[in-house]
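Now, the feature entries from Swiss-Prot:
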type	residues	note
TRANSMEM	53-73	transmembrane segment
TRANSMEM	83-103	transmembrane segment
TRANSMEM	115-135	transmembrane segment
TRANSMEM	141-161	transmembrane segment
TRANSMEM	183-203	transmembrane segment
TRANSMEM	205-225	transmembrane segment
TRANSMEM	243-263	transmembrane segment
TRANSMEM	265-285	transmembrane segment
TRANSMEM	299-319	transmembrane segment
TRANSMEM	329-349	transmembrane segment
COMPBIAS	388-401	compositional bias 'Polar residues'
REGION	388-409	region 'Disordered'
């Protein structure tokens, strides 16, 4: 059956021989403070523990924080019990810890691989919608602002990997990277736990929570502009027009969901189901692009998953004109089911392809021998540099990066 579900081309499989993953984390919070905590934690991880298990537990933390808000904030406007906000803050802290320890564990056990990178980023992509819902529920800004927050979250994520596809390196900003966002979210949750969520509802139509969302959005826009600028300045790349063409899937997806949210009441009637359906769809689209980047494969401009999305959007457009073909709620559930099935198929068969080719397993790794030679040592040799953890003084532009300062994240 696997021959019918091959998400990586033969060209992509062949290109894995040239794989290396390098990145620069300029995070102020990470380099100045949290780095020491991450290094401390990795001292306690046993050598038999696969990095992907750490990554999976981090995803479970995000699912846990989402379920808390799902139960207590069904319309994204309710006030949850104070303990919920402290619990969410703890789970975010646990997630950011695990999200950084998994890479260190991979280096520690000499088990770095393309599968590990893909697994890590796919879990992060799935978490975008959950973070949007959780933070919006905390700020009590309602479904439409939650939808806006989701779009604000997915674009910087997609563009970061778009830039990496062409630059060959993932660069995270000093004050506008994921670590700073997670720290900000933790602070918001702790403040809400202490003072209650009513502090975010001050104001009439423009509340404190909405103002906070706008400020976060400005940071996201700045990050996106940096991605465009850095990619435009790159030398030895394809023409910038062809680079922009690779954004077709995310542009089409954004246009479709904006139209859908504009013509349908589903976003207010089923806010959690609506946003999570979009989140799983984005996770799939983003994961396909990450796979193509990791394998240096050709980028697809259209995926079959867009067909059911277009059909459901057209169904809602007709319903807004009193032409009812299928109940919008039923159509939403069908799309949710299709999205889950497609994502699971992609995850299973892509993992199988990589494991078969690399001769590795997803959740187990060979115990390293005394010589330190592991089964994935060939990938370690392909890294640009292995340096001791230290503060980074690298700028946000890829032009400023010194190869000796590159490390695997």
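Just so you know, glycine gets a Cβ as well, placed from its N, Cα and C.
Fair warning: this is a prediction, and the values are worked out from it, not measured in the lab.
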Original post:
Per the definition of 3+ C-beta pairs under 8 A with sequence separation of 6 or more, do the transmembrane segment (115-135) and the transmembrane segment (53-73) touch?
Top reply: yes
Original post:
Between the stretches 53-73, 183-203, 205-225, 299-319, 329-349, which one has more Cβ pairs under 8 Å with the transmembrane segment (243-263) than any other?
Top reply: 299-319
Original post:
Per the definition of 3+ C-beta pairs under 8 A with sequence separation of 6 or more, do the transmembrane segment (265-285) and the transmembrane segment (183-203) touch?
Top reply: no
Original post:
Among 83-103, 205-225, 299-319, which stretch has the most Cβ pairs under 8 Å to the transmembrane segment (53-73)?
Top reply: 83-103
